[in-house]
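Written out below as structure tokens is the structure these notes cover.
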Amino acid sequence: SFIGEESVAAGEGSILTDNPTWIIDPIDGTTNFVHRFPFVAVSIGFVVNKKIEFGIVYSCIEDKMYTARKGKGAFCNGQKLQVSGQEDITKSLLVTELGSNRDPETIKTILSNMERLLSIPIHG
């Protein structure tokens, strides 16, 4: 099976089944792309039995290829990635994305989440 982010965004329905399925977003960061903000990627995932098996993200502007495979770890241009050992949230950087859905209930949820996040004493 095949699920494309752009076709789903255009209103085409899709149902994730147990069948082997490619999930592809050819312009991951469409809003960034439209505004010429240089954080755009091609994202591809492969799912079997509704569980991700591997994923690939190619950051076009940076020329970085991120890959990950279930049980095998994640890599950037072939070099293994790992999470930081930082356990103190006050020394952390928080990054979030607001999404594009502007219906009132979604906005209410986003603002509530942001209020909770902004009350954490983080670096930024």
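Quick reminder: no glycine exception, Cβ is built from N, Cα and C everywhere.
Pulled from TrEMBL:
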BINDING   E5, D25, I27, D28  Mg(2+) binding site
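Every protein chain shown contributes to the tally, and the Cβ of D28 (Mg(2+) binding site) ends up with 19 other Cβ atoms within 10 Å. Taking each of the binding-site residues E5, D25 in turn and counting other Cβ atoms within 10 Å of its Cβ gives the largest count for D25. Every protein chain shown contributes to the tally, and the Cβ of I27 (Mg(2+) binding site) ends up with 16 other Cβ atoms within 10 Å.
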